[in-house]
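Worksheet: the structure to be examined is printed underneath.
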């Protein structure tokens, strides 16, 4: 977008300036004081320079020596995976964990530690008990599955036996019937009946 041109407000109007600021003679007349006025003894005010003065308190400036980095000096990098013996820092504990050497404080700390240890121990015991219960449930489930499988196998065998048994029974019954018929034919004598 094209920026809008801002119109100067009252472009044709003139600014009103006092002669004191514009005319040197008028300024000098103001600076002149007469003995008849109250401010005759006062010295004319001096204008303050608004330029900031350096805060060196009159001391000469000393240039700081430039500190060069290792890259600029071309120093090879140390192997940071292995700390040199002299450069190891002393191990520090956590901040704010230093207690006063008082018997009461030590006693309190020991009591609190015992409570925490007992809580942790009870948690461990609970975890062990839960493990035992889980194992027992697992064993029960495995037993049930084994029993179900055994029942299924028995039923399969029974079904096979019955299907085989039915056909064998039928054959045996037929054989028995045939034998009976044959025996019946051989043993039976024709009886003759005579009428008188």
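Even glycines carry a Cβ here, placed using N, Cα and C.
Small disclaimer: the values here were computed from a predicted structure and weren't measured.
Swiss-Prot annotations:
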COILED    121-167  coiled coil
COMPBIAS  8-26  compositional bias 'Basic and acidic residues'
COMPBIAS  30-42  compositional bias 'Polar residues'
COMPBIAS  140-156  compositional bias 'Basic and acidic residues'
COMPBIAS  166-186  compositional bias 'Basic and acidic residues'
COMPBIAS  187-196  compositional bias 'Basic residues'
REGION    1-65  region 'Disordered'
REGION    140-196  region 'Disordered'
Mean predicted confidence [pLDDT] for the coiled coil (121-167): 86
Within the compositional bias 'Basic and acidic residues' (166-186), residues counted as helix, strand or coil by DSSP: 21 helix, 0 strand, 0 coil
